[in-house]
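Quick notes on the structure that follows.
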Amino acid sequence: MGAMGVNFLAGDIGGTKTILALVTINESSPGLARPVTLFEQTYSSPAFPDLVPMVQQFRQEAAFVLGNPISVAKACFAIAGPVIDNTCRLTNLDWHLSGDRLAQELAIAQVDLINDFAAVGYGILGLGSEDLTVLQAAPVDPSGAIAILGAGTGLGQCYVIPQGQGRYRVFASEGAHGDFAPRSPLEWQLLEYLKKKYSLGRISIERVVSGMGIAMIYEFLRHQYPERESAQFSKLYQTWNREKDQETKTVDLAAAVSQAALEGTDVLADQAMELFLGAYGAEAGNLALKLLPRGGLYVAGGIAPKIIPLLEKGSFMQGFSDKGRMQSLMGTIPVQVVLNAKVGLIGAAVCAAQS
């Protein structure tokens, strides 16, 4: 594939912050080589009018720290937004990015833009055992498909297919917009509550399995069981509800609910996370049934690493495995949680090396 120690520029671009990294990959290694970071820096995205001056500053800083300018073979940037024909207009930032324009202005032979969750798909390939927690151990087939889903602000899904000779291809998915399928009387009541709240005829799984989903589940439960709500959470909820349409917020209800469930200090929070984890696991199982990911199913996103003890308690894996006649099949699929918060940045580097 090329000489040893080829250098790439990788970036994880968000509306608030951008992480840039100069990485090297030994392309002569057999199989997929993991990227090694030479220099990394985090910037405030709104502080720059465009990505170009940010990258120029980054390269100057890298040259100063490393002692000399480093040539870059290719670049790949993971972006929180839709990427069409290697272009993207960021939702929360007045940037319109084009891979061709960036390549020309930065004097880099090739610049690829990819969606941030597609970057997570590539990033899985660059992780080590220290970056993962096992929820279900099973033999991994190196030639098998890999499935990834991750709840955070929304619910991302994608899958990875090996192409042979240490190369992989990531495919995006909009599976999170599939229907939420209730499995219990309480989940049916949750569905009807959300349909009425949003004036919709259907509810997507993302409205339940996401950070906002946790908040909505708690809101539903306090509506169903007002006598179970503690005075502390009643006050938190009222503040959150008052501020939710404001730019400045002082309460993150989803974080408060999950933390209380971790500490076992609130009955309604415990129940909310049980509902959330059951639905999360069920959707992970649905994805696994569709893809049969013998290469593993990975739970990514911002929520999972923060609630490992809850994931290990059983509701998630019970929802995953409870597939009727297919239950024994579900036990053959490796399931792991991604702990490394920089998986998207790693993925951008892996993508650059493969493109």
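Residue positions begin at 1 at the first shown residue.
Just so you know, glycine gets a Cβ as well, placed from its N, Cα and C.
Straight from Swiss-Prot, the features:
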type    : residues                                 : note
BINDING : Gly11, Asp12, Ile13, Gly14, Gly15, Thr16 : ATP binding site
Per-residue Cβ crowding (10 Å cut-off), top of binding-site residues Gly11, Gly14, Gly15: Gly11
In the chain carrying Ile13 (ATP binding site), residues 6 or more apart in sequence that have Cβ under 8 angstroms from it: Ser45, Leu51, Phe77, Ala78, Ile79, Ala80, Leu90
Where Gly14 (ATP binding site) falls in three-state DSSP terms: coil
Residues satisfying Cβ distance under 8 Å from Asp12 (ATP binding site), sequence separation of at least 6: Thr18, Ile19, Phe77, Ala78, Asp116, Ala119, Lys342, Gly344, Leu345, Ala348
